[in-house]
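First the structure, in the form of structure tokens, and then the observations on it.
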């Protein structure tokens with residue numbers, strides 16, 4: 001994972017239907033190339049292969065199930081995510097929570113498959129626990145702020161700093177990013193100022209009227225513009 005980074009979690013918004021997921025990924029790639037910024041996109045599973053074949057920027061899955069391939073109706077093992085072209089996976093988002101042993105299983109298997117991992121956590125203590133598993137990155141997102149427009153970096157800056165320090169104490173190789181309520185340039189700039197190396201953003205981008213303008217706005221602080 002190249003940092004500083006902007007990770008776009010597309011979630012399952014209706015804007016992605018009918019080719020929207022591919023279009024958004026292509027816009028993200030255009031901005032990444034224009035600014036020289038690191039941008040990762042995470043489309044719904046149903047569009048993973050289509051998006052991965054349409055862009056050269058990293059594509060992550062939004063989640064995975066802690067199971068091996070086999071008689072697993074409705075489950076999505078990591079092997080299938082990798083086969084679809086993803087280079088990483090988001091684990092334990094607040095909208096798709098897992099038990100600690102399941103998180104550990106996914107992180108370990110992802111390493112064996114050469115997939116990057118971003119483990120989401122709600123607070124500094126959970127972030128430290130996640131860091132002990134040695135994922136690629138930990139993304140601290142207070143669930144009460146997700147989708148509110150009240151950014152974690154400006155609403156709870158002390159929690160962001162505490163998370164950065166907690167993760168460093170456990171494993172200095174684990175990258176720390178943050179998310180929840182990230183809406184504009186200042187939110188991202190503040191997150192970087194507080195010691196993180198990136199942000200995880202969803203609705204602010206997917207629901208924006210002008211995807212290119214919004215992604216550009218949020219990516220500029222990552223490259224010092």
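Cβ coordinates are placed from backbone N, Cα and C, and glycine is handled just like the others.
If you look up Swiss-Prot, you'll see 9, 10, 11, 146, 181, 202, 203 marked as substrate binding site. Taken from Swiss-Prot, the feature active site, electrophile covers 93, and the record attributes it to sequence analysis. Sequence annotations record features per position, and here Swiss-Prot assigns active site, proton acceptor to 141 based on sequence analysis.
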Cα separation, residue 93 (active site, electrophile) to residue 141 (active site, proton acceptor) (Å, whole number): 9
Recorded substrate binding residues, 9, 10, 11, 146, 181, 202, 203 - maximal Cα separation rounded to whole Å: 14
Entry from the binding-site residues list 9, 203 having the most other CB atoms no farther than 10 A: 9
Spatial separation of residue 93 (active site, electrophile) from residue 10 (substrate binding site) - C-alpha basis, Å: 13
Distance [Cα-Cα, Å, rounded] between residue 11 (substrate binding site) and residue 93 (active site, electrophile): 10
Rounded inter-Cα distance in Å - residue 202 (substrate binding site), residue 93 (active site, electrophile): 12
Listed recorded positions (11, 93), ranked by Cβ neighbours within 10 Å, top entry: 93
Residue 202 (substrate binding site), number of other Cβ atoms within 10 Å: 23
Same-chain residues at least 6 apart in sequence whose Cβ lies under 8 Å from residue 146 (substrate binding site): 94, 95, 179, 180, 181, 202
